[in-house]
Amino acid sequence: MSSRKKVLLKVIILGDSGVGKTSLMNQYVNKKFSASYKATIGADFLTREVLVDDRQVTMQLWDTAGQERFQSLGVAFYRGADCCVLVFDVNNSKSFDALDSWRDEFLIQASPRDPDNFPFVVLGNKIDVEESKRVISTKRAMTFCQSKGGIPYFETSAKEAINVEQAFEVIARNALAQEESEEFSGDFQDPINIHIDNDRDGCAC
């Protein structure tokens, strides 16, 4: 299996500004946490080599500015994604309410071949904050995920490295499954299109 080619997995991380997207990425890739990250401008990415079911893969994690007007990044930013991670702050109801619009935005821009089965993962971040300040319960978050077809849900703390590794293991596994299904589908896509074009040419003659 070691002779199989390496795979690049593109993972898009979406969510409101301040929910901890950059912190989660840095905790996962660099095992570091800083309380003084500057707001991400546009988009940035980090990579990490991981082993998923005996496959050597490179995770390319894309962090975005959590602003509604970053469509200027364009379709190219979303296209080719193998998994989308939706992040909210369990202490901020607005960031939770925005998950639907982030999910819709991704599906519109990325235009995955099979949107109903495209892999999403939801992360409820900042669980290190004292329980009394928490506003989004585990039950409420899980209900949302179930309503969207059973999206995997993890409660994380980038600050204390809680569940970060476990969440990204599932993200990597789901992204790899998506990448492999896209490769399989792609084997048939071009011949079908060429056949249609040839038929049209024949009719024109």
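Note that Cβ sites are derived from N, Cα and C of the backbone, with glycine treated the same way.
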According to Swiss-Prot, which stretch among 37-45, 73-81, 163-171 corresponds to the feature motif 'Effector region'?
37-45
To which of the binding-site residues A35, I127, A158 does the lowest count of other Cβ atoms within 10 Å belong?
A35
Which whole number is the mean pLDDT over the motif 'Effector region' (37-45)?
61
Fewest other Cβ within 10 angstroms of its own Cβ, chosen from the binding-site residues S17, S23:
S17
